[in-house]
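S.K.: Found this in TrEMBL, in case it helps:
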DOMAIN    4-81  domain 'Threonine synthase N-terminal'
DOMAIN    99-317  domain 'Tryptophan synthase beta chain-like PALP'
MOD_RES   Lys122  N6-(pyridoxal phosphate)lysine
Amino acid sequence: MVMRYISTRGNAPAQTFTEILLGGLAPDGGLYLPETYPQFSANDLARMRGMNYRELAFEILSRYADDIPAGDLRAIIDKTYTPGVYCNTRPDENAADITPLHTLEPGLHLLCLSNGPTLAFKDMAMQLLGNLFEYALNRAGQDINILGATSGDTGSSAEYAMRGKRGIRVFMLSPHGKMSRFQTAQMFSLQDPNIFNIAIDGVFDDCQDIVKAVSNDHAYKAQYKIGAVNSINWGRVAAQIVYYFKGYFAATHSNDQQVNFSVPSGNFGNVCAGHIARMMGLPIKHLIVATNENDVLDEFFKTGVYRPRGAADTYHTSSPSMDISKASNFERFVADLSGRDGKKLRNWWSAVDQGGGLDVNQEGLFEKVADFGLLSGASNHAHRMETIRDTWEKYGVMIDTHTADGLKVALEYHEPGTPMLCLETALPAKFEDAIHEALGRAPLRPASMEGLERLPQRFDVMAADVEMVKRFVALHATS
Ligand SMILES: *Cc1c(COP(=O)(O)O)cnc(C)c1O
């Protein structure tokens with residue numbers, strides 16, 4: 001039987017994996033979730049314990065992408081998760097692990113997810129998505145023009161996943177002169193003819209608004225086959241489930257042990273994958289949602305009230321990839337919390353979409369949050385600096401600001417006897433200024449990134465003008 005995907009809001013037809021792969025929101029405005037989560041028994045876990053990353057990925061993803069022939073899916077996974085793609089490991093880590101476990105002290109680990117081409121965990125899912133997109137488009141004889149906005153990590157991860165792919169062009173808007181030198185160089189040095197970097201004279205919100213305006217022009221969107229790779233994409237969430245299993249097996253000796261994960265969070269995509277791994281039967285005791293000063297998720301898990309904030313109330317912090325005040329994947333968790341009650345979700349999100357919030361206390365659901373193992377905490381700039389310094393002095397390990405937020409909150413909940421896995425979501429090389437401030441020295445940088453800023457750069461500068469962007473895309477789109 002083929003896995004069916006249904007909308008969190010319960011008012012959209014069920015679809016298969018490849019049917020939702022290239023799309024975004026469900027037609028009723030909700031997010032897709034599998035009708036049920038595949039269950040892994042103790043026997044399954046015992047069988048999976050010895051698997052390498054690719055075998056594990058196939059074992060898990062074949063349950064979700066079951067309308068792709070098994071041989072094809074295996075080939076896509078095998079070409080994605082190789083030590084050559086995830087090569088930016090620390091010297092003492094084994095690249096063949098794909099997501100090496102770095103033990104800080106017994107029971108306290110970093111799960112290293114940032115060894116891909118852009119040095120952030122987003123490569124774990126995005127590299128797979130690039131290969132899945134290419135496969136699905138070729139099979140259907142279609143092509144796509146991906147339009148996106150980025151403040152740094154997502155855009156470069158998408159470009160490195162889609163570069164050179166047949167049938168795919170990428171148009172990525174970024175705020176001109178506002179990304180770090182490293183991030184700018186990483187994106188703009190790509191010379192692939194299917195990648196277009198558009199530097200907008202404005203801030204990130206201007207870029208985002210242009211993408212929204214283009215997406216709302218349905219005729220244009222259809223004519224130029226405009227697509228997206230944002231964090232609500234189900235394929236991205238599914239791909240992220242795999243490393244929770246990989247990390248679990250690496251940190252434990254037997255399947256009756258439980259572990260905790262701490263997850264630096266913004267859009268709730270990463271920790272949503274952890275939640276699903278737990279629902280599938282992985283023995284996770286607690287999933288710890290770590291935020292920075294933008295603590296809308298911490299507020300929810302402490303009070304049961306979810307109150308998204310606007311751009312004016314979103315702080316710019318030194319862990320910028322978590323500067324998010326409206327967590328786009330959060331709706332998936334709330335759907336499970338409500339027992340997949342589409343009507344409830346429609347009511348709640350119509351309030352959210354009108355600038356309001358939701359309160360699960362009124363529904364008696366807040367007590368249930370604990371059943372899902374979720375805890376939370378918040379960090380701030382001073383905590384990040386202190387955690388980066390402590391980790392460097394105590395363990396000789398350099399971590400980035402986002403991972404520091406996760407580690408800081410992890411230590412608040414760390415309990416002897418239960419291994420704690422802190423997800424490393426980026427390498428410090430991406431955030432040079434913050435590392436200078438914390439350690440008084442430059443971050444370590446993978447050998448493959450030496451001299452990155454000296455490479456020739458290719459980009460177009462444009463005013464924050466929807467019509468100009470539309471004309472540019474029309475001129476360069478696949479046809
Ligand atoms: C995207 C990102 C996050 C947040 O992940 P979500 O899935 O949005 O919660 C955290 N850290 C880094 C470095 C990121 O790039």
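The backbone N, Cα and C atoms fix where each Cβ goes, glycine too.
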S.K.: Counting across all protein chains shown, how many other Cβ atoms sit within 10 Å of the Cβ of the residue listed as 'N6-(pyridoxal phosphate)lysine'?
M.R.: 30
S.K.: Can you work out the mean pLDDT of the predicted model over the domain 'Tryptophan synthase beta chain-like PALP' (99-317)?
M.R.: 94
S.K.: In the domain 'Threonine synthase N-terminal' (4-81), how many residues does DSSP assign to helix, to strand and to coil?
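M.R.: Summed over the domain 'Threonine synthase N-terminal' (4-81), the classes give 35 helix, 7 strand, 36 coil.
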